[in-house]
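Asks: Mind looking over this structure? Questions follow.
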Amino acid sequence: MLSAGLGLLMLVAVVEFLIGLIGNGVLVVWSFREWMRKFNWSSYNLIILGLAGCRFLLQWLIILDLSLFPLFQSSRWLRYLSIFWVLVSQASLWFATFLSVFYCKKITTFDRPAYLWLKQRAYNLSLWCLLGYFIINLLLTVQIGLMFYHPPQGNSSIRYPFESWQYLYAFRLNSGSYLPLMVFLVSSGMLIVSLYTHHKKMKVHSAGRRDVRAKAHITALKSLGCFLFLHLVYIMASPFSITSKTYPPDLTSVFIWETLMAAYPSLHSLILIMGIPRVKQTCQKILWKTVCARRCWGP
């Protein structure tokens, strides 16, 4: 029998999964629809498509882990699932970093030569960083795959894969998150400085007038700030999720930490939708029609 607490956690996990599934699905469909309408990929559409696609995968990986972990705790394929999970998580972080670079390039207004040089080469530098990340992670993944086929001898972790050495390699693979996170923080910091500088100029020259650029700054910072908070929750919950799977596993702790982790791909999709007026209006219309249809049909 499931306890009341575990049942509640399972309900929250299902709700988060549905929110993430619908939210990221809407963003993927919108990106494709924009491409079909214009027959031209914009940088923003590509970033949103990649970000939503990675979040969609991440949501499925979390729900698969929660569903199958109690049944296949000692299965070898769950080890590879954990490695794939890390790679998808890092890809999601890279696309969020590209989004912060996009906001920084489009919104910030500095006139310093170093900034103008960096602004012109922002996408190229980001793509080179992504290529370097891909090569390093490919080498680490091959090394980890070989270790899974030749595990340390005389260790009980062969029987219980979540006990010790495998996740040391998963943590090593996860160290690739530092570079995109640093780029993300630098881009967000430049947005904050740009907003502060712009606010000072507006106070002097155009007090009382509608400030569209300041609104764009604030909207971008809200989205990036929420992402940073949710990503930090995700990072802090990950080690506890791993340690709760050590033998004997604590199923309640696994659900607590992975439910916190699932908030990252599900809730940020809603924040992105709220920041895209056309998608927001479409979702509001669909929701309103659903409510009206339910009222017409009755209970």
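Placed from the backbone N, Cα and C atoms, the Cβ positions cover glycine too.
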Asks: Taking the topological domains recorded in Swiss-Prot, do Ser31 and Gln284 share a side of the membrane?
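Replies: Result: yes, Ser31 and Gln284 share a side in Swiss-Prot.
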Asks: Swiss-Prot annotates one residue of Asn40, Asn155 as N-linked glycosylation site; which residue is it?
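Replies: Going through Asn40, Asn155 one by one, Swiss-Prot annotates Asn155 as N-linked glycosylation site.
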Asks: Considering only Cβ pairs under 8 Å, which range in 2-22, 46-66, 83-103, 176-196, 224-244 makes the most contacts with the transmembrane segment (254-274)?
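Replies: Between the candidates 2-22, 46-66, 83-103, 176-196, 224-244, the best contact partner of the transmembrane segment (254-274) is 224-244.
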Asks: In the topological domain 'Cytoplasmic' (23-45), how many residues does DSSP assign to helix, to strand and to coil?
Replies: 19 helix, 0 strand, 4 coil
Asks: Counting only residues 6+ away from its ends, which parts of the chain sit with a Cβ under 8 Å from the transmembrane segment (2-22)?
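Replies: Same-chain residues near the transmembrane segment (2-22) but 6 or more away: 55-56, 59, 62-63, 66, 251-252, 255-256, 258-259, 262-263, 265-267, 269-270.
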Asks: Below 8 Å between Cβ atoms, which of the listed ranges 46-66, 83-103, 224-244 makes the most pairs with the transmembrane segment (176-196)?
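Replies: The stretch with the most close Cβ contacts to the transmembrane segment (176-196) is 83-103.
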Asks: Are there residues at least six beyond either end of the transmembrane segment (46-66) with Cβ under 8 Å to its Cβ atoms? List them, or say none.
Replies: 13, 17, 20-21, 24-25, 27-28, 30-32, 78, 81, 84-85, 88-89, 91-92, 95-96, 98-99, 102, 254-255, 258, 261-262, 264-266, 268-269, 272, 276
Asks: Give me the mean pLDDT over the topological domain 'Cytoplasmic' (275-299), rounded to a whole number.
Replies: 72
